Amino acid sequence: MKKPVDFFAMKENGEKITMITAYDYPSAKNVEQAEADMILVGDSLGMVVLGYDSTVPVTMNDMIHHTKAVKRGAPNTFVVTDMPFMTYHGSVDETIQNARKIIQESGAHAVKLEGAGEVVNKIARLTEAGAPVVAHLGLTPQSVGLTGSYKVRAKSVQEAQELIDNALAVEAAGAIAIVLEAIPRQLAEKVTKALTIPTIGIGAGLETDGQVLVYHDIIGYGINRRAKFVKAYADIDETIEPALKNYVNDVKELAFPEVKHSFTMAEEDLKGLYGRE
């Protein structure tokens, strides 16, 4: 299993880092078999798996439950788990206790926090306490309630400079990596060159040290539409829907189960049942 020191070496050597989300045992198993470098148990599970319209309703228990399943499916892959909405915006002590609970109970190797500002101090304190932290800048889904959209971030000079400053701040605080989401590729390149820690892009161009995409987006499973930055590698929904419809039709038409799908008992044993009704 790769560790933070390996990710630092990959950045230094120019080897791209691959991260994929996973939310349960089978998806995690698939991701590990694909030899991805990292798994992100994102609070995006709220929208992708639980059917919420944002990540805000996701709880600590949700993250722990799903991370435990992921760990069983991918025991040899570095796992990062999101700290959900408002679990790191209270006191430092509350943040540390919440991170401790996630790491101890789920087995996650690191936690991910969105934003900068007051979050920078939380990253520093978590790092001091021995909890590896991945930062997340640019489009931060937990803040969409305030920003009102999932549009590209940091397109103006002022916003771009602020993001660079924030990236340097979370690096100084001890973050082991930074996810850069939905920012101009030129800015992502500048940030990547300015930092010694790896950058993982999602909608941030080719120049980041690595890439992350949502499992369901990659394979086309249960999604309504793909974002611009997502490349379609499969569309398994096109296979799933007819398969399920065929099953329903076979049952209705007495075409399933066939004899080969059934169990039998010896004829002499069957005869022994006669007259016992």
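Note: Cβ is positioned from N, Cα and C throughout, glycine not excepted.
The structure displayed is predicted, hence computed values, not measured ones.
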Additional site residue, LYS3, LYS11, LYS112, LYS122 [criterion: listed by Swiss-Prot with ASP43, SER44, ASP82 for 3-methyl-2-oxobutanoate]: LYS112
Which of ASP82, LYS112, the listed binding-site residues, has fewest other Cβ atoms within 10 Å: LYS112
Other same-chain residues whose Cβ falls within 8 Å of the Cβ centroid of ASP43, SER44, ASP82, LYS112, the recorded 3-methyl-2-oxobutanoate site, in sequence order: LEU40, VAL41, GLY42, LEU45, THR55, VAL58, MET63, THR81, MET83, PRO84, PRO141
Cβ atoms near GLU181 (active site, proton acceptor) (within 10 Å, other residues, all chains): 23
Candidates ASP43, GLU114: member of the binding-site residues with the richest Cβ shell (10 Å): ASP43
Pairwise CA distance, SER44 (3-methyl-2-oxobutanoate binding site) versus ASP82 (Mg(2+) binding site), rounded so that it is a whole Å: 9
Cβ atoms near SER44 (3-methyl-2-oxobutanoate binding site) (within 10 Å, other residues, all chains): 22
